[in-house]
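Per TrEMBL, the features are as follows:
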TRANSMEM  B:12-38  transmembrane segment
TRANSMEM  B:68-94  transmembrane segment
DOMAIN    B:69-282  domain 'ABC transmembrane type-1'
TRANSMEM  B:106-124  transmembrane segment
TRANSMEM  B:156-178  transmembrane segment
TRANSMEM  B:199-218  transmembrane segment
TRANSMEM  B:230-252  transmembrane segment
TRANSMEM  B:264-284  transmembrane segment
Amino acid sequence: MSALTLRNVGKSYGALDIIKGLNLDIRDGEFLVLVGPSGCGKSTLLRMIAGLEEITDGTIAIDDRIVNDLPASKRNLSMVFQSYALYPHMSVRKNLAFGLQNLSMSKDEINRRVDEAARILQIEPLMDRKPRQLSGGQKQRVAIGRCIVREPGLFLFDEPLSNLDAELRVQMRVELAALYRRLKTTMIYVTHDQVEAMTLASRIVVLRAGKIEQVGTPEELYTRPANLFVAGFLGSPKINMLPAMVDGDATAPLAKMADFPAFTLPALSTAARDITICVRPEAIHLDGGEVQATGTIRLVEYLGAERLIHIDLPSGQTLLFHATGPDQHVVGDTLQVGFDLADMHFFDADGVRMEAAIAQAA
Amino acid sequence: MFRFLRRNAAGYVFLSPWLVGFVFLALGPILASLYMSFTRYDMVSPPVWDGLGNYQYMFEHDRRFWKALQVTFTFVAFSVPLRLAMALGVAMLLDKGLRTIGLYRAIFYLPSLLGASIAIALLWREMFGVDGVVNGALAMIGIEGRGWITDPDTSLYTIVILAMWQFGSPMLIFLAGLRGIPRDLYEAAEIDGTSKWRQFWRITLPMLAPVVFFNLVLQTIEAFKTFTSAFIISNGTGAPADSLLFYTVYLFNEAFKFFRMGYASALAWVLLIIIAVFTALAFATSKYWVHYENERD
C-alpha cells in the first residue's frame with residue numbers, strides 16, 4: 001500500500017495550463033476517485049502520478065519520497081488503461097506474465113502469481129486465449145490481472161469501464177469494489193461517470209478545469225456540495241437550481257424566488273443579495289413542504305419503480321421531481337409541489353456554499 | 001445472363017478502361033509469351049514449335065542461366081533484409097513525433113524515386129569507380145580503395161548498397177504501421193519496466209508483423225525484378241565476369257540482343273514461377289509469425 005502527496009502540482013502544454021497548483025493527500029489504502037467533466041485534467045493527473053506525463057510544477061510524493069523524476073517502472077504502481085492495453089499477439093497467460101519477466105523473478109514465482117491472479121479474477125479457463133477471443137468484460141479482468149500480479153502499492157485506473165456496455169459496467173463495478181475490499185491497496189480511479197464515483201469511492205475528488213472543486217466522501221459531496229458546480233455535477237437526476245434574492249432585515253432575512261411565496265430564512269444576517277437555492281429532485285414533495293408552488297407537467301420519464309417529472313413553473317423555470325409513489329401523473333396535469341428549508345442548499349453569487357445560512361435555516 | 005449483364009452494366013462500363021487495358025496490354029502478351037516459351041523465335045521468321053526444348057536447354061546446358069540465378073538470389077538475400085532493416089530503422093526515427101516529419105519523409109523518400117533511374121545508376125558507377133568519391137573518402141582515412149565495380153568480388157555489393165538506399169517505399173509503409181500501434185501498449189510496458197530493446201522485440205515487431213510481411217513480399221518481388229541499376233552499371237553485359245549478370249539482364253540480352261525471344265520467354269516464365277514459389281512460401285510460413293489483430297479463430 002502507498003500514500004500519495006501532491007503539492008502545488010501543475011501541468012502546462014505551452015501557454016495552456018491543464019492542471020493548476022493542485023494539492024491533495026491520498027491516504028494509504030483508500031479508493032480515491034477523480035471525477036469531472038471531459039477535459040478537466042483528471043486523466044492527465046493520473047498519468048502524471050503514473051509517470052507517463054512530466055510534471056511542470058510542484059511535487060508528487062509516494063510514501064514521502066518525491067517521485068517527479070522517477071520513471072514509471074520505479075514507482076511501485078500499476079495501471080489499467082481505458083483501452084485495456086492488452087498485447088494482442090500474446091495469450092492471456094503471457095499478457096499476465098509479461099511485466100513480471102522484466103523483474104529478476106523465478107519462473108515458479110511468476111507462475112504462482114499469474115495463477116493466483118487468474119483465480120481471483122476467475123479467468124483460469126481463458127489463459128490460452130488471445131485478447132481478440134475475449135469479451136469486453138474478460139479483457140477488463142485480464143487488464144486488472146496484469147496489475148494484480150505485480151503486487152503494487154498503488155493501482156491506477158483510467159476510465160476502465162467506459163468501453164463496456166451498461167450491464168457489464170454494473171457487473172464490473174461490483175467486482176472492482178469486491179477486489180478493493182480483498183486487496184486493500186490504494187487505488188486511484190478516473191471516471192467521468194458519477195455513479196461509478198459514488199459507488200466505488202472512499203473519497204471523491206471533483207475536478208474542473210484543472211482545479212479541485214471539492215474533496216470528500218460520496219455522502220459529504222452529495223449532502224453538502226461545496227459549490228454550485230459540485231451540486232450540479234453529482235446527483236442524477238440533476239439538482240434543481242432556483243435563483244433567489246435575500247432581502248429584509250438581518251434578524252429575519254426574506255428569500256424571494258419566482259413562482260414561490262417569499263419565505264423567511266431564520267437569522268440569516270446578510271444584506272440583500274443574489275443567491276441560488278438548490279433542491280434535489282427527491283426532496284420535492286407533492287402537496288406538501290414548507291415552500292410550495294404550482295406547476296404544469298411537461299414531461300414524465302417512466303423509469304420503472306420511479307418516474308422523473310418535469311414541471312414547468314409559471315415563470316418558465318423547470319422543476320425536476322423524483323416521484324416514487326403510486327400516483328399516475330399525466331402531461332398537462334397541474335401539480336402542487338414544495339420542499340422544506342432543511343433540504344435546501346444555498347449558494348452565493350459566486351456559487352460558493354453558504355454554510356451559515358443553511359445551519360441557521362435548519 | 002442478359003439480366004445479369006443489364007443489372008451490372010454500369011459496373012462493367014466503369015471497369016472497361018482497366019479491362020481493355022488488361023486484356024490487350026497484359027493478358028494477351030502474357031499468353032503470347034507462354035506460347036513463345038515453347039518455340040524458337042528470332043522475331044524475324046515465324047515461331048517454330050520446340051516443345052520443352054527451351055526449358056531443357058536452360059536447366060541442362062545453360063551455365064549463364066545458373067550464374068544469373070546465383071547472382072540474383074545473392075542480391076535478393078542481401079538487399080531485401082538490408083533494405084527492410086534500413087526502412088524500419090528510419091521509420092522508427094521518424095515516428096518520434098517530429099514537427100517537420102513531412103519534410104523528412106519527403107527527403108528520405110526521394111532516393112526511391114530517383115534510385116531506379118538511369119542517372120543514379122550512372123552516378124553510382126562513378127562513385128564506386130577507381131577514381132570515385134568512395135575511394136577518395138577512404139584515401140582520406142588512409143585506406144587504399146579498389147575498383148569496387150570492376151572487381152567481381154565486390155561489384156554486386158555496390159548494387160546491394162544502392163538497393164538499400166532506396167528504402168523510401170517500405171519506410172512509408174512501416175511508418176504507417178508504427179503509427180497504428182496503440183501508444184498505451186508502450187505505456188503499459190513502460191510501467192512494467194520493459195526496456196526499449198525488449199519493447200522493440202516483444203511489442204513493435206510482432207505488432208508490425210503484417211506490415212513486415214507485406215513489405216517482405218513486395219520487396220522480394222522487386223528485388224527479383226531488379227534491372228536498371230545492374231544493366232547500366234555493367235554496361236548491359238553483366239560484367240565483370242558475369243558478377244552483375246542479374247536474371248533480368250540475362251533475359252533482356254537473350255531477347256533484345258541475341259533475338260532469342262522464345263528462350264527469353266521461357267526465362268521469364270521461370271522467373272515468374274520462382275517469384276510465385278517465394279511468395280507462396282512467405283504466405284505459408286506467415287501463420288507462424290504474422291499476427292492479425294482482427295482475424296477470427
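Any Cβ shown, glycine's included, is placed from N, Cα and C.
The transmembrane segment (B:230-252) is not in contact with the transmembrane segment (B:12-38), judged by fewer than 3 CB-CB distances under 8 Å for residue pairs 6 or more apart in sequence. Where the transmembrane segment (B:199-218) meets the stretches B:68-94, B:106-124, B:264-284, the count of C-beta pairs under 8 angstroms peaks at B:68-94. Using a Cβ-Cβ cut-off under 8 Å and counting only residues 6 or more beyond its ends in the same chain, the transmembrane segment (B:12-38) has close neighbours at 5, 47, 49-55, 261-262, 265-266, 268-269. Here the transmembrane segment (B:264-284) has Cβ contacts under 8 Å with residues 33-34, 36-38, 41, 54-55, 58, 65, 213, 216-217, 220-221, 224-225, 247-248, 250-252, 254-255 of the same chain, all six or more residues outside its ends.
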